[in-house]
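Here the structure is laid out as structure tokens; the discussion comes afterwards.
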Amino acid sequence: MNSKLTVIVLLALITIASCGLINEKKVQQYLDEKLPNGVVKGALKSLVHKAAKNQNLCAFNVDTVGMCDADCKRQGKAKGVCHGTKCKCDVELSYKK
């Protein structure tokens, strides 16, 4: 039960951090206070960092809801392409050519 609650709290913190309601630094400080040093703490901190860097809901090179492409078109660019969790305008993935 305790591990399930921990996962729910972590997912809630990631969601709040990625929405910009609180910043990543505060979530990282919370994890530093609550978790002992070790592999799990490092993995969770890495996961929070990756989730907080997310732009336009890009995940695993996929524009999940079309926000990347729409944002680039608003800027006058031809196409938006997800590179991991980042959105880049008019820059194709080099390994998919």
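Every residue, even glycine, has its Cβ placed from backbone N, Cα and C.
Keep in mind that this is a model prediction, so the values were computed, not measured.
Feature list (source: Swiss-Prot):
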- CYS58-CYS82: disulfide bond (DISULFID)
- CYS68-CYS87: disulfide bond (DISULFID)
- CYS72-CYS89: disulfide bond (DISULFID)
- 55-95: domain 'BetaSPN-type CS-alpha/beta' (DOMAIN)
- 1-19: signal peptide (SIGNAL)
Minimum Cα separation from CYS72 (disulfide bond), reported as the residue among disulfide-bonded residues CYS58, CYS82, CYS87 that achieves it: CYS87
Set of same-chain residues at least 6 away whose C-beta sits under 8 angstroms from CYS82 (disulfide bond): ASN56, CYS58, ALA59, ASN61, VAL62, ASP63, CYS68, LYS88
Cβ contacts of CYS87 (disulfide bond) (under 8 Å, same chain, 6 or more positions away): GLN55, ASN56, CYS58, ASP63, MET67, CYS68, ASP71, CYS72, GLY80, VAL81
Secondary structure content of the domain 'BetaSPN-type CS-alpha/beta' (55-95), with strand meaning DSSP E or B: 10 helix, 12 strand, 19 coil
Disulfide-bonded residues compared (CYS72, CYS89) - highest count of Cβ atoms within 10 Å: CYS72
